[in-house]
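Asks: Okay, so Swiss-Prot annotates it like this:
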- His83, His182: heme b b562 binding site (BINDING)
- His97, His196: heme b b566 binding site (BINDING)
- His201: ubiquinone binding site (BINDING)
- 33-53: transmembrane segment (TRANSMEM)
- 77-98: transmembrane segment (TRANSMEM)
- 113-133: transmembrane segment (TRANSMEM)
- 178-198: transmembrane segment (TRANSMEM)
- 226-246: transmembrane segment (TRANSMEM)
- 288-308: transmembrane segment (TRANSMEM)
- 320-340: transmembrane segment (TRANSMEM)
- 347-367: transmembrane segment (TRANSMEM)
Amino acid sequence: MTNIRKTHPLIKIVNHSFIDLPTPSNISAWWNFGSLLGLCLIVQIVTGLFLAMHYTSDTMTAFSSVTHICRDVNYGWLIRYMHANGASMFFICLFLHVGRGLYYGSYTYFETWNIGVILLFTVMATAFMGYVLPWGQMSFWGATVITNLLSAIPYIGTTLVEWIWGGFSVDKATLTRFFAFHFVLPFIIAALAMVHLLFLHETGSNNPSGLISDSDKIPFHPYFSIKDTLGFLILILIFMTLVLFTPDLLGDPDNYTPANPLNTPPHIKPEWYFLFAYAILRSIPNKLGGVLALLFSILILMLFPILHMSKQRSMMFRPLSQCLFWILVADLFTLTWIGGQPVEYPFITIGQVASILYFSIILILLPFASLLENKLLKW
């Protein structure tokens, strides 16, 4: 008798994706982040669903409803902090996942990579709208500042901003629609993640050497299912340590003050995972220029397949490119630090230098280093 796992129309899809999937035998722990992102998404959807049962998206009661969740709902504090810190874990895994893709040349799978960049944008939009929902000071002013950036678009800017707001300022209409979008987007993310996997399984996984590994593949289960489970346990350990010991470590104290349109906080800044983009935005004195730089700082990822000049796929055997890659990582840390600092000397200058370096490495230095390596390695 044939195995139902291999014949049933639905179960066989799962089988080909997670059980009998041919996987390169040499993929390292850097390949764990895809499954960790799946775990983060499940945690966020489940905790978010329970929060939505108690939350009210009204300017008068939103802040109080979050307080009610933390004080009166059974384990509400746990659900709330898991959801808030779950976003941070999500972005840590996302950045490491993208970094792995850049280092090992995974971007040569065009479709998988481009869907991944769209996923990154969608997750960022979802996180931004989620940050507005508790209706604290930083929620309100963050929403005001970031949505206001759209007014830099010539001709239609102001109309567009008022259309998004649903009025002449961030108010009840804005909060309600942000809640609606924040609720629905994770399900769209889940659908996009399935498309991401679909395209990945068309080509098969990349591996650290960047070479074709068809001759050396092993089944996903039990080898990599066990490896992924270890990753899950490590992630849960770090995540729950953060949630149970220092739940407010990555948050902003200003968000414990209810939103007040008449009182601006001294330093308006987004959550830590947006600070690098915020620093790039602030480093350009022109409003439209800043908005374009902000957009391009993420969209630039889509150019990587075009800018790949090396005759080798991975950076594993390319020391010059490796060096530039780690300078880029250090530069992103610098930008993240600058994004959280006040707009004054010397932070403005450091931010501008770091922003120029960010775009220079990606657009000029990496392609040039790749061509040089081709010459040096006699390709």
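Easy rule for this one: first residue shown is 1, then count along the chain.
Using N, Cα and C of the backbone, Cβ positions are placed for all residues, glycine too.
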Asks: Sequence-remote contacts (6 or more beyond its ends) of the transmembrane segment (113-133), Cβ cut-off under 8 Å?
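Replies: Hits for the transmembrane segment (113-133): 55, 57, 62, 66, 87, 90-91, 94, 98, 101, 106-107, 139-140, 142-143, 146, 174-175, 178-179, 181-182, 185-186, 188-189, 192-193, 195-196, 199, 270-271, 273-274, 298-299, 301-302, 304-305.
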Asks: For His196 (heme b b566 binding site), just count the other CB atoms lying within 10 A of its CB, please.
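Replies: Result for His196 (heme b b566 binding site): 21 other Cβ atoms within 10 Å.
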Asks: When you rank His83, His97, His182 by Cα distance to the residue listed as 'ubiquinone binding site', which of the binding-site residues ends up on top as the closest?
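Replies: Checking each of His83, His97, His182 against the residue listed as 'ubiquinone binding site', the shortest Cα distance is to His97.
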Asks: If you count the C-beta atoms lying within 10 Å of each candidate's C-beta, which of the binding-site residues His83, His97, His182, His201 ends up with the smallest number?
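Replies: With the binding-site residues His83, His97, His182, His201, fewest surrounding Cβ atoms within 10 Å: His201.
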Asks: To the nearest whole angstrom, state the Cα distance for the pair His182 (heme b b562 binding site) and His196 (heme b b566 binding site).
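Replies: Between the alpha carbons of His182 (heme b b562 binding site) and His196 (heme b b566 binding site) there are 21 Å.
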Asks: Do me a favour and check the Cα-Cα span between His97 (heme b b566 binding site) and His83 (heme b b562 binding site); whole Å is fine.
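Replies: Answer for this pair: 21 Å between alpha carbons.
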Asks: Cβ pairs under 8 Å only, please: of the recorded stretches 33-53, 178-198, 226-246, 288-308, which one is richest in them relative to the transmembrane segment (347-367)?
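Replies: Out of the listed stretches, 288-308 contacts the transmembrane segment (347-367) most.
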Asks: Are the transmembrane segment (226-246) and the transmembrane segment (178-198) near each other by the rule of at least 3 C-beta pairs under 8 angstroms (pairs 6 or more apart)?
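Replies: These two segments do not touch.
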Asks: If you count Cβ pairs under 8 Å, which stretch among 226-246, 288-308, 320-340 touches the transmembrane segment (33-53) the most?
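Replies: Stretch with maximum Cβ contacts: 226-246.
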Asks: Where His196 (heme b b566 binding site) and His83 (heme b b562 binding site) are concerned, what is their Cα separation in Å, rounded?
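Replies: The Cα atom of His196 (heme b b566 binding site) is 24 Å away from the Cα atom of His83 (heme b b562 binding site).
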Asks: Looking only at residues six or more beyond either end of the transmembrane segment (226-246), which have a C-beta under 8 A from one in the stretch?
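Replies: Counting only partners 6 or more residues beyond its ends, the transmembrane segment (226-246) has Cβ contacts under 8 Å with 29, 32, 35-36, 39-40, 78, 81-82, 85-86, 88-89, 93.
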